[in-house]
Amino acid sequence: EFRQRDPSPSFRWVKDGKQFGEVLSESGTLTPHPTMDLHFYQGTYRCYAANELGTAVSNLVHLTTEPVPSLAKVKKQKRRAYEVGESAVLRCNPPKSSVTPKIHWMDMQFHHIPLNERVTISRDGNLYFANLIANDSRDDYTCNAHYINASIILPKEPMSIYVTPSNSVVKNRRAKLHHPAGARSSYLVLRGQTLTLQCIPEGLPTPEVHWDRIDSALSPNRTKKLYNNRWLQIDNVLESDDGEYVCTARNSENSVKHHYTVTVEAAPYWTRSPEEHLYAPGETVRLDCKADGIPAPNITWSINGVPVSGTDVDPRRRVSSGKLILSNVEFSDTAVYQCEAVNKHGSILINTHVHVVELPAQILTPDERLYQATAGQTVMLDCRTFGSPLPKIHWEILDSIPALSNAKISQTTNGSLKISNVSEEDSNRYTCSVSETNKSISADVEVLNRTKIVGPPQNLHVIRGSDAILHCKYTVDHNLKSPTVQWNKDGHKITASTSNDKYHEIEGSLKVLDVQMEDMGIYSCEVSTTLDSDTASGYITVQDKPDPPQSLKLSEKMERSVTISWMPSVENNSPVTEYVIEMNEGETPDEGQWQKYRSVSQDIDSWRSICSYSKYHFQIRAVNSIGTSAPTESSLSYSTPAAKPDTNPENVMTLSTDPKSMIISWQEMDRRQFNGPGFQYKVFWRRAADSGAHWTESSVSNPPLMVNNTGTFVSFEIKVQAVNDLGAAPEPLTVIGYSGEDFPLEAPSALSVTELQKTSVMVRWSPVRPESVRGHLLGYKIYLRMKGSQWETPGRAVSSSGNPTVIEVPADAAEKIVSDLQFYSDYTLTITAFNSKGEGPHSEESFSTPEGAPGPVLFLPFDSPSESEITLRWEAPHKPNGEIRGYLLQYQEVVIGSESPQHVESIDLPAVTEFTLKNLNPESRYTFHLSARNDAGDGAPAIQSGATLLDGEPPSVINMTAGETSVNLSWVPGDRHRNLGFSFRYLKKIEGAEWEESEKINSTQAFYQLQGLDSGVIYHLQVLSGNTSYDWDFKTIYSPEWHKSPRNFATEGWFIGLISALVLLLLVLLLLCYIKKSKGGKYSVKDKEEGQGDAANQKLKDDAFGEYRSLESDMEKCSISQPSGCESKRSSNDSLADYGDSVDIQFNEDGSFIGQYSGRRDPRGHDSSGAVSPVNPNMPPPSHSFPTSVTGILGPN
């Protein structure tokens, strides 16, 4: 068949080198004549197609004719008898044909005979039995030959096999080969064909077949194993398949081999074919034609079907190394040139058209084409031309620089410009021009950044059932569109989406859900743009706990040992670290409790400590870093015979509590140590003093055993033996035990107490006689009880009924140091001996401890009556450790960078708890050290620091925030200043207005609100305190509603006065009730002092705190609406009144208190001026910048 040419060609056929038939004009198809014998047409054909431009020639066609295959008449085969295990061959021998038929072995119902390792078919159609079984007996083995080209199936005569039982003693048969015969065979195969090697064995048991290649490894990609490994097939054979192959057939009896020598040759095939072009007169034409084959083919040339001889008369033509060279071509050289390659396996022919013509040059590639590429790629700039002679083109960069001057740039034979490994500097305009013409085109090259994966997927180890996330981070040139990210697993595309149950793709990352073993593999991320792509991959290794161990076996079964073995587990990508042997001693594996017996690292273990008369069930688990496997699918059981006990019970002892009996006890033996039925404990005992006496014995099933009438604390020899129905254990060890103990009869004598230090004494005694202990002497107990402190008054003495301190000492001790006693206290001490029954009589002794230095005093908040005075207050030490004789006060001025002189004041009155220091520097702080004194010396000092308070002053800087009918006034109180009373005066700046004045205000209050002002009016404000005054102006906010609405009666003066009177009356009634309720009450501090102080000290404290109560009563009589009166009353009292309001002030860890003076009150004080009143009813919330009430500045500094 030829490509159609213009003008239309004529066709003629040549058969076996001679003209065959007439010349055909319309079609080259050759049709046989129906009356002619087909055998007449058998031969080798070649077709010639010719027109004005030349003659083309076809490849050789070989036509073979043959009659339709048919079966010859044959005699019916006799039924053949075989023994079980013998081999057999049923031969097909189909009619011969040029095309091998396909063979089907079937029965009479057209069911295929099953093929397996034992029953195999060969390429020649024979049916082979490696060994026969009884089921192979049948009468309808039929070979059906299917001729596909003839479309017929020829069934041969059925064959019969009868299989009888074997009488042979030998049960197995050695392996050998049915087909092929011998030890070696050779095969010749052509390149591109299919090679099939057969290895059909016989033997019992059925042999296994294994294929190998001698000279190299057998490639799994190039070979296929068919018919249960009996055929080895290689499709599309290559020269590399040439070599030696071997088949090994093996069963339990032996192995047999067959070697195959495969030789690969090849019919001719093209490696280079000539190209068709248009040529101009005078050009040189080179037609290059190369072919390969085994053996190497011979190449010849023809022109229009006429061979070119080696001595061509035309000197312009010559053949060299398969090339046909035409020099200085003319129009008459237009023709079809044939190149033909021939070897013994066939021939191939190719036609090449040479057209000599003159045509003007043209550029076929469009102008202004843009080429985009990424760095590192190769760019091909097209410049396709047409013309004869062939146009000569050249390239320039920016219309001036020759392109070929760049080492990276080359020009192909078709005129294209090749730029290799492009970079950013290659981004330019390139011009292609045709020489000796004005024709040219331009092309632009734009080089972009490469697409690059900067964060490739990582290799992950994932536990089965969890999720895995593979990240793929990349960079792309901003001039390119968003890339596509494609994930692949083992080279196959993954379709990921948010709706996919397995794969989710999130911003380029791949999430694999619920990872299973089949998800393990190589995952690659491919980032693609319109210009380039990049690929990176990572591996997901799925880990899981191991599979259960397999093939659990018990071997070497002995009376007391057994060997356990098993097949190792599948590790599931995490190495097995150990195997756990579990044991169950129930009657069945479902009964009892599975327990861990031991862990081992290998897959075998010997257990050599099995108990007799026991049943064991075993199972194995494998352990890796992920977890523990399920147990082996089935457990194994092992029972041991009964035997005498091997051991006796341990820890035999006496646990007697009754003086006239003995309890013998021991540690019960494990049931597995019984070793047989009828297990009991046999207990023996006799007095230790009568070592030759007869043993008394008793048998019991479990401990303990009680022996009566033994006497008090008598020693016995005791032993316990294990017995069962098969006998007794070895002779047990004898131990010494005792009957029950009784209380000791005597107390330790010669008890004495000697003072070592002021708070420790040495206690000595004489030990009790051993016979009086009536048991094992466990030691002595010293009971220490404090009767009271000598410095306490009789009414406040500590009771001695509390629990005493108990000190135990060992039995061999005769003295003991008792420490940590209290100073100046009375003690009672007793001592007794004790055994396991209890304590004996006590010996008693009394003693006292001397005085010691007092404990520290407790500083209370102190006051500053003036700028140069401080009054200190304190409580007496909680532990005086003697009689307090007075106090030592030391103080000094705090001077930074230097040491100031220290002042000392000795206070010789023990009942005094306050002291006033005068003539202090108001500008300095002081440190105070106060110690209590008794006859033993001075106690540890309490340390406090502080400074005096300065005189108060009214605020000079006020922050004002005006509203419609009020103004908020706030200020910052001075540091260390006393509270000072003052008031605000304010005046409307209108004609005829009069001054108004607020109530009295505390300087420490920090906030006040003037109410009842007119809207939109300017006011003048003054602060008055003594002869001091400060002035300000402010304006309230204008409110149209306030000016429009009539004055409500609630704002009238008479109504406000009425309401104020009612509120005042109610408050007076409440205060009277409170005063009546608290009348005669005592201050809690006084109650505390009454419980600890003496009568002389009590009188002074009652007088002092009486003043405090007077102040409190006076304050209660003050109205909340009259703070100025309260302030006046308070300031007229002495300094102790300020102390009364400061009892809640706290102390720091170093002893200094936080709110130091009454001028800085605790928020719970009683004299706050910020209480709601008819004049000042709405207090604003606290501010972080300024205190908003009097309580805001009374707290800690």
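Don't overthink the numbers, they just go from 1 along the chain as shown.
Including glycine, each Cβ sits where the backbone N, Cα and C put it.
So that you can see what the record holds, here are the features copied from Swiss-Prot:
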DISULFID  Cys92-Cys143  disulfide bond
DISULFID  Cys199-Cys247  disulfide bond
DISULFID  Cys289-Cys339  disulfide bond
DISULFID  Cys383-Cys432  disulfide bond
DISULFID  Cys472-Cys525  disulfide bond
DOMAIN    1-58  domain 'Ig-like C2-type 1'
DOMAIN    360-442  domain 'Ig-like C2-type 5'
DOMAIN    548-643  domain 'Fibronectin type-III 1'
CARBOHYD  Asn135  N-linked glycosylation site
CARBOHYD  Asn149  N-linked glycosylation site
CARBOHYD  Asn221  N-linked glycosylation site
CARBOHYD  Asn298  N-linked glycosylation site
CARBOHYD  Asn414  N-linked glycosylation site
CARBOHYD  Asn421  N-linked glycosylation site
CARBOHYD  Asn438  N-linked glycosylation site
CARBOHYD  Asn449  N-linked glycosylation site
CARBOHYD  Asn959  N-linked glycosylation site
CARBOHYD  Asn968  N-linked glycosylation site
CARBOHYD  Asn1002  N-linked glycosylation site
CARBOHYD  Asn1027  N-linked glycosylation site
REGION    630-655  region 'Disordered'
REGION    1115-1135  region 'Disordered'
REGION    1154-1197  region 'Disordered'
TOPO_DOM  1076-1197  topological domain 'Cytoplasmic'
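Recorded features from Swiss-Prot, shown on the structure.
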| residue | record | Cβ within 10 Å |
| --- | --- | --- |
| Cys92 | disulfide bond | 21 |
| Asn135 | N-linked glycosylation site | 7 |
| Cys289 | disulfide bond | 24 |
| Asn298 | N-linked glycosylation site | 14 |
| Cys383 | disulfide bond | 26 |
| Asn421 | N-linked glycosylation site | 11 |
| Cys432 | disulfide bond | 26 |
| Asn968 | N-linked glycosylation site | 15 |
| Asn1002 | N-linked glycosylation site | 25 |
| Asn1027 | N-linked glycosylation site | 5 |
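Taking the Cβ of Cys199 (disulfide bond) as centre and 10 Å as the limit, one finds 27 other Cβ atoms among all the protein chains shown. Here the candidates are the recorded positions Asn221, Cys247, Cys289, Cys339, Asn959, and by Cα distance the one nearest Cys525 (disulfide bond) turns out to be Asn221. If you compare Cα positions, Cys383 (disulfide bond) sits closest to Cys472 out of the recorded positions Asn221, Cys247, Cys472. Here the region 'Disordered' (630-655) has long-range neighbours at 548-550, 552-554, 557, 559-560, 562, 564, 566, 582, 584, 589, 594, 610-621, 662-669, 673-677, 679, 681, 703-704, 716, 718-730, 732-733, 735, 737-739, meaning same-chain residues at least 6 beyond its ends whose C-beta is under 8 angstroms from one of its own. Cβ neighbour count for Asn149 (N-linked glycosylation site) (all protein chains, 10 Å cutoff from its Cβ): 12. Within its own chain, Asn414 (N-linked glycosylation site) has Arg384 as residues 6 or more apart in sequence whose C-beta sits under 8 angstroms from its own.
Secondary structure counts, DSSP: the domain 'Fibronectin type-III 1' (548-643) has 0 helix, 43 strand, 53 coil. DSSP places the residues of the domain 'Ig-like C2-type 5' (360-442) in helix, strand and coil in these numbers: 6 helix, 39 strand, 38 coil. When DSSP labels each residue, the domain 'Ig-like C2-type 1' (1-58) comes out as 4 helix, 26 strand, 28 coil, counted as helix, strand and coil in that order. On a Cα basis, Cys339 (disulfide bond) lies 10 Å away from Asn298 (N-linked glycosylation site). The glycosylation sites listed here are Asn221, Asn438, Asn449; among them, Asn449 has the most other Cβ atoms within 10 Å of its own Cβ.
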